[in-house]
Structure formats: structure tokens, C-alpha cells
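Quick notes on the structure that follows.
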Amino acid sequence: MATNKSIKSVVICVLILGLVLEQVQVEGKSCCKNTTGRNCYNACRFAGGSRPVCATACGCKIISGPTCPRDYPKLNLLPESGEPNVTEYCTIGCRTSVCDNMDNVSRGQEMKFDMGLCSNACARFCNDGEVIQSVEA
């Protein structure tokens, strides 16, 4: 019975990460002047707004290349974003929203293993697919 709950938790984690990953691919092609603009854009897109409409409404730009213009530097979700803590905050947020919810479902040795997998998935997601080994035993 506990195994079924663990499997369900992992499946839910993978589905949620898949949905979030799909959003990040879209967000990676927009640049905003500040964090407020980025939050506005994200909320607009989450509500179903189109990229051009959300970018115009929130003061952001849609780009086709890999880097943002100098006057639109904030949170473009690319390595050159100039935000050194973006990856750390992403990982913390992912672990808090996804992995901690799994931890509340059931406790046990299987759950610790699943939590490690979830943490590694969050780290890979937030580091643009780079594999990062977990230091947890």
C-alpha cells in the first residue's frame, strides 16, 4: 500500500515538473526590465494570455536570441541573466512546492529515496538540464 502512494507521489512530481518545464521554455524567450514586470508576465501567461499581449501589458520584450537587451535584464531565465541566486531560489522553490508535498503524504525509507529523486529532479530542472549529484546519503 505504501508503495502505491510512493509511486503516485513520484508520478505527480514528474507531471508537475513537466508542466513547469513547459512554462520555462516559453518564459526563456522574454525579457523584462525588473522583477515586477517578470511576475506580471508570468501571471499573465499562467492565466492564459498570449506572449505578445502579456509582454506588452507588463513592459517586457519577446526576443529570438539567447540574451536580453541591456535595458531589459531581469529574470530572463538564461545563464547570462545576471541573477546569481536565480538557480538557488528556483531549486528551493521547487523542493518546497513539489518535494515537501510528497513528504507530507507518507514517511518511511521509500519516501526518503523518492525525496532524493525529487530533489535531484528539481536541481536538474533549475540548472537547465545539467546533472547535479545529490550529497544526501
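Each Cβ is built from the backbone N, Cα and C atoms, and glycine gets one as well.
The record in Swiss-Prot pairs Cys32 in a disulfide bond with Cys60, which is drawn from Cys54, Cys58, Cys60. Here the candidates are Cys13, Cys54, Cys58, and Swiss-Prot names Cys58 as the disulfide partner of Cys40. Cα spacing between Cys32 (disulfide bond) and Cys58 (disulfide bond): 8 Å, rounded to the nearest whole number. Among the disulfide-bonded residues listed here, namely Cys40, Cys44, Cys54, Cys58, Cys60, Cys60 has its C-alpha nearest to that of Cys31 (disulfide bond). In this structure, the C-alpha atom of Cys44 (disulfide bond) lies 12 angstrom from that of Cys60 (disulfide bond).
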